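What Swiss-Prot records for this protein:
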type	residues	note
COILED	3-86	coiled coil
DOMAIN	152-293	domain 'SGF29 C-terminal'
MOD_RES	K288	N6-acetyllysine
REGION	240-243	region 'Histone H3K4me3 N-terminus binding'
Amino acid sequence: MALVSADSRIAELLTELHQLIKQTQEERSRSEHNLVNIQKTHERMQTENKISPYYRTKLRGLYTTAKTDAEAECNILRKALDKIAEIKSLLEERRIAAKIAGLYNDSEPPRKTMRRGVLMTLLQQSAMTLPLWIGKPGDKPPPLCGAIPASGDYVAKPGDKVAARVKAVEGDEQWILAEVVSYSHATNKYEVDDIDEEGKERHTLSRRRIIPLPQWKANPETDPEALFQKEQLVLALYPQTTCFYRALIHTPPQRPQDDYSVLFEDTSYADGYSPPLNVAQRYVVACKEPKKK
């Protein structure tokens, strides 16, 4: 029943999103005339080689209108982004509900483990579709935007992806990509599933063994302080794996769509680090351990 109500709400939101996209285009078309007027006024001023009181007054009015138009378009786009975020949240809730229903449905045969190539593609898609944080003028990026860690009292929700420190088969410890199943306030412990085992490998871990992954990409052009900087020590997901390893930032992203370039610690190389490899913002988190000498 919950899945049906989620589906109907998603359909409503998609309709609302479509209307907002149409409004954006209408607003843009409406403001186009004013922008053309600004350009023509500047051309006339250059031709006459002077700024008369008439042109000064006219431009002030045109720019005031342009600013109002831009703010109106911006407000519509923000509403559209909110709709997209709500749709993604509902889709995630639906996925978790379906997963739980599958776990407790004894009448169905067990699902086959996802092929590794499919899993890697899904991880790449998750990184690409991570929303870019777009604040209003003067806003500071929130926790879990880029390199900004979660607040001290933050509790990751079921379905959230995290870096989790677990014991490997050999007894060593490693950081894996995991999905939160639940959190107990009584014990202050998480239950998480190894993402590579699709729920077959479940771990109960204390808070200090969990690092929530970023929920927004940081924009290097507007919020560079929300990114890890060159030579900063991090944990990064090694390409084509589901494990995090220590690495140094080689180059931070320069544009919103760029990845980090990182140097993984690797004793097989003379200087102790691998050649530069690209890792998406989604899969780079702070490393609290000291840097190796």
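Including glycine, each Cβ sits where the backbone N, Cα and C put it.
Counting residues 6+ beyond its ends, the region 'Histone H3K4me3 N-terminus binding' (240-243) has Cβ neighbours under 8 Å at 119-120, 123, 174-177, 194-196 in the same chain. Secondary structure of the region 'Histone H3K4me3 N-terminus binding' (240-243) per DSSP, as helix, strand and coil residue counts: 0 helix, 1 strand, 3 coil.
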